[in-house]
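According to TrEMBL, the protein has these features:
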- 6-208: domain 'Phosphoribosyltransferase' (DOMAIN)
- R79, R104, D131, P132, M133, L134, A135, T136, G137, G138, S139, D200: 5-phospho-alpha-D-ribose 1-diphosphate binding site (BINDING)
- I194, G199, D200, A201: uracil binding site (BINDING)
Amino acid sequence: MGNVFVLDHPLIQHKLTHIRDVNTGTKEFRQLVDEVAGLMAFEITRDLPLEEIQVKTPVAEATLKVIAGKKLGLVPILRAGLGMVDGIIKMIPAAKIGHVGLYRDPETLKPVEYYVKLPTDVEERDFIVIDPMLATGGSASAAITSIKNRGAKNIKLMCLVAAPEGVEVLQKDHPDVDIYLAALDEKLDDHGYIVPGLGDAGDRLFGTK
Ligand SMILES: O=P(O)(O)OC[C@H]1O[C@H](OP(=O)(O)OP(=O)(O)O)[C@H](O)[C@@H]1O
Ligand SMILES: O=c1cc[nH]c(=O)[nH]1
Ligand SMILES: [Mg+2]
């Protein structure tokens, strides 16, 4: 079964509290999501392989470490995942970016896919799928299935806030995928919103409500 890591660093918790606040407007919400995504990138890249190279410092020759040529891909789930891309790319600028477009049908809560575009060398890359919200888990599970069907093998999922119901679905559908969260919340409400959550992530990021 996939591991669940809750990245509860004080900086992440502090910023997430302001993200959740209903009085936080679009501009500040977007800025904070970007910052938290960057902080989470530290932890999700902790197992990147290193290799040794020779470097001449101003003082001496030294054998030092750099990241070994690992190919990474980021896959934001549209729309809300887009809000986390820049923060992560600042930390791993060589990553390629794919996109999976999904929306959750408001009646059935089932995901509807409308767009997929991945880097051409999909089989050679490790992927990080990103979406601020893991609610019923339907969208993240469908996005991961979609990229697996196109050849992706090593996949991690990064979300800001999850409900236990969504984590359970992910672990059942994709036991090979580790999940990285800033918070694991209490439950889903009758409309499939995470409680206490942060509301509709896409609408708050893009100011569409
Ligand atoms: O775990 P689930 O129950 O599937 O819900 C989570 C999904 O819902 C939201 O997207 P939404 O459908 O609102 O689309 P949007 O990002 O375009 O607003 C969110 O960004 C996730 O993708
Ligand atoms: O709480 C939720 C659940 C699904 N999608 C969101 O944006 N928020
Ligand atoms: Mg939305």
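Going from the start of the chain as shown, residues are counted 1 onward.
Just so you know, glycine gets a Cβ as well, placed from its N, Cα and C.
What you see is a predicted model, and the numbers here were worked out from it, not measured in a lab.
Where TrEMBL records a feature, it is marked here on the structure.
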| residue | record | Cβ within 10 Å |
| --- | --- | --- |
| R79 | 5-phospho-alpha-D-ribose 1-diphosphate binding site | 17 |
| D131 | 5-phospho-alpha-D-ribose 1-diphosphate binding site | 28 |
| M133 | 5-phospho-alpha-D-ribose 1-diphosphate binding site | 26 |
| A135 | 5-phospho-alpha-D-ribose 1-diphosphate binding site | 26 |
| G137 | 5-phospho-alpha-D-ribose 1-diphosphate binding site | 26 |
| S139 | 5-phospho-alpha-D-ribose 1-diphosphate binding site | 26 |
| I194 | uracil binding site | 28 |
| G199 | uracil binding site | 16 |
| D200 | uracil binding site | 15 |
| A201 | uracil binding site | 25 |
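For ligand 2, the neighbouring binding-site residues among R79, D131, M133, A135, G137, S139 are M133, A135, by Cβ distance under 6 Å. In terms of C-alpha distance, the listed binding-site residues I194, G199, D200, A201 place A201 closest to D131 (5-phospho-alpha-D-ribose 1-diphosphate binding site). For the pair formed by D200 (uracil binding site) and M133 (5-phospho-alpha-D-ribose 1-diphosphate binding site), distance between Cα atoms is given as 9 Å, rounded to the nearest Å.
Ligand 1 lies under 6 Å from the Cβ of D131, A135, out of the binding-site residues D131, A135, I194, G199.
For the uracil site, the Cβ centre of I194, G199, D200, A201 serves as reference, and the other residues of the chain with Cβ at most 8 Å from it are P132, M133, V161, Y193, G197, L198, G202, D203, R204. Taking the Cα of G137 (5-phospho-alpha-D-ribose 1-diphosphate binding site) as the reference point, the closest of the binding-site residues I194, G199, A201 is I194.
Under the three-state DSSP scheme, S139 (5-phospho-alpha-D-ribose 1-diphosphate binding site) falls in the helix class. According to DSSP, A201 (uracil binding site) sits within a helical segment. For the 5-phospho-alpha-D-ribose 1-diphosphate site, whose binding residues are given in the record as R79, R104, D131, P132, M133, L134, A135, T136, G137, G138, S139, D200, the maximum C-alpha distance rounds to 17 Å.
Between the CA atoms of I194 (uracil binding site) and M133 (5-phospho-alpha-D-ribose 1-diphosphate binding site) there is a gap of 8 Å. Looking at A201 (uracil binding site) and M133 (5-phospho-alpha-D-ribose 1-diphosphate binding site), their Cα atoms lie 7 Å from each other. When secondary structure is read from DSSP and collapsed to three states, M133 (5-phospho-alpha-D-ribose 1-diphosphate binding site) falls in the strand class. When the Cα atoms are compared, R79 (5-phospho-alpha-D-ribose 1-diphosphate binding site) and G199 (uracil binding site) turn out to be 14 Å apart.
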